[in-house]
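Beneath this line is the structure, given in structure tokens, with notes to follow.
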Amino acid sequence: MKTLTLAPIQFSSLPNLPLFFATFLTAYLTAYFAVFRRWSPKLRPEAASCFISLLHGTPAVLFASLSILSDPNRGFASPNTDPQDSALDYSIAYFSMDLVHYLIFYPSDLLFIGHHLATLFVFVTCRYLVAHGAFAILVLLILAEVTSFCQNTWTLASARRGDLEVAAKVYEILSPPFYAFYSVVRGVAGPIFMYEMIRFYLSGAADHVIPRWVWLSWVVVVVSAISVSILWISNLWVELYRERTGKIVKKVT
């Protein structure tokens, strides 16, 4: 009978967290008070949030990818490596900063606040409680953030399309390919990887390093996030169809 031993809580790289958090805080304040200073007060918080999301998304994909590829023993139950821990710390800092943003400016947005808290729970338990499973969590992070650049560009264009012609044009051109890219990643690649992850953990092969309650909570969080993402993009496809068919009707009439 195998005995489960939780990894001692790791604090060796905790200095990374204040450094990364300070980076995102500085970027947020710079965006809010300088980059988007001419935007309306109503739009500036969302724009600043998009700014730090851009700072997080693509670099997080690169950090996570490199940390996974540098680990020859990568797997669903493999111990975390130092580069993988740093990649997790980077994302923990970002989601913590963005959570502060929502608590200050959008305290009633319980969906996003809940999403950020759940995501932080997954990252923190993987990084500091069990110290295993970063491969799975970072692959999921890559799938979640690979669309970040397109999504944030689309969000910023959407925010200003009513008063800026160039924003309206970017929104119109970007929407179909962004929706398609997002649909493939969240609607196809994500569920396929989750199937493999769940099948592995159900076999019990990781029970000696990752308690069942931990990986089950990861599964619940990720499956919920994927489901909400599919619902969100489905609604956007419906809206796009209505917009395009509405324009066609107007031209015909």
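For all residues, glycine too, the Cβ spot is worked out from N, Cα and C.
Taken verbatim from TrEMBL:
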TRANSMEM  17-35  transmembrane segment
DOMAIN    42-245  domain 'TLC'
TRANSMEM  47-68  transmembrane segment
TRANSMEM  117-144  transmembrane segment
TRANSMEM  179-201  transmembrane segment
TRANSMEM  213-233  transmembrane segment
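Beyond the transmembrane segment (213-233), the same-chain residues lying 6 or more positions past its ends with a Cβ under 8 Å from any Cβ of the stretch are 111, 115, 118-119, 121-122, 125-126, 129-130, 133, 136-137, 140, 144, 179, 182-183, 186-187, 190-191, 194, 197-198, 201, 206. Tallying C-beta pairs under 8 angstroms between the transmembrane segment (117-144) and each of 17-35, 47-68, 179-201 places 47-68 first. Remote same-chain partners of the transmembrane segment (179-201), defined as residues 6 or more beyond its termini with a Cβ less than 8 Å from a stretch Cβ, comprise 76-77, 136, 139-140, 143, 146-147, 150-151, 210, 212, 215-216, 219, 222-223, 226, 229-230, 233, 236-237, 240.
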